[in-house]
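Peer 1: One structure follows; several queries about it will come next.
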Amino acid sequence: MKKKNHKYRGKKLNRGESPNFSGQHLMHNKKLIEEIVDRANISIDDTVLELGAGKGALTTVLSQKAGKVLAVENDSKFVDILTRKTAQHSNTKIIHQDIMKIHLPKEKFVVVSNIPYAITTPIMKMLLNNPASGFQKGIIVMEKGAAKRFTSKFIKNSYVLAWRMWFDIGIVREISKEHFSPPPKVDSAMVRITRKKDAPLSHKHYIAFRGLAEYALKEPNIPLCVRLRGIFTPRQMKHLRKSLKINNEKTVGTLTENQWAVIFNTMTQYVMHHKWPRANKRKPGEI
């Protein structure tokens, strides 16, 4: 593998072309690959999106299980290998494109991927920032630190809170760096994402809820009653605390998704619209 790394030195590369530069680390453990596909629990009825297909170690197994496989890869050399490996699988389409520039399938789809670590958060935002999309579930291998941030009981990031209102996110297990080529500097984790059957809020409230989440989580370590006093009156906050069954010291980052649903519903029902916090506007092309 070292010889392969050497050939990229001093060479000008497009985004995602080299595993080392893109943060892409290819899996080579067959048992691990089979475990990932098994845990994804896919069937002939599923459309599977693979982001960062690499040389096709995962793609070829997915092609035998799914009804349709959309394998995205930006490295021209890998695309050639993928094309040869999947030539006998008519259900598999190779998409030669930057992951962040693709259009997600309009139909319901599943994601099974070993994603490039360098763009972990942008990929998650692409998949989860629109709860009305066709994304249903996924098994994603990512950097362990990112996996822990996305699944922590203490929530610091507004986008993570928004994701978890509509999706369950959990770590299946950790994966040693020795299962990858080139091996990353950090360990990895297998993460399961599942759309909630009974989400606490309708997806039509996503933008309004994101505004509340961004406002509240600017200071996740302070008490909720202090952070939200710009929205609720003292009397409203008193009733809200009773509804949430919390004391005055309960901090913003420790609330559950169901508690956030109560806060949001209370705001929309009893607070004048002009007092609702607004979500930050995204720049063109920003996720």
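Residue numbers in this text run from 1 along the chain shown.
Glycine is treated like the rest: Cβ placed from N, Cα and C.
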Peer 1: To which of D38, D45, D98 does Swiss-Prot also attribute binding of S-adenosyl-L-methionine at the site defined by H25, M27, G52, E73, N114?
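Peer 2: Between D38, D45, D98, Swiss-Prot records just one in the S-adenosyl-L-methionine site with H25, M27, G52, E73, N114, namely D98.
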Peer 1: If you run the three-state DSSP split on G52 (S-adenosyl-L-methionine binding site), which class comes out?
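Peer 2: It is coil.
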Peer 1: For a quick check of packing: other C-beta atoms within 10 Å of the C-beta of E73 (S-adenosyl-L-methionine binding site), how many?
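Peer 2: A count of 28.
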Peer 1: Counting only other Cβ atoms and using a 10 Å cut-off, which of the binding-site residues M27, D98, N114 scores lowest?
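Peer 2: Ranked by other Cβ atoms within 10 Å, the binding-site residues M27, D98, N114 bottom out at D98.
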Peer 1: Specify the count of other C-beta atoms within 10 Å of the C-beta of H25 (S-adenosyl-L-methionine binding site).
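Peer 2: Here the count is 26.
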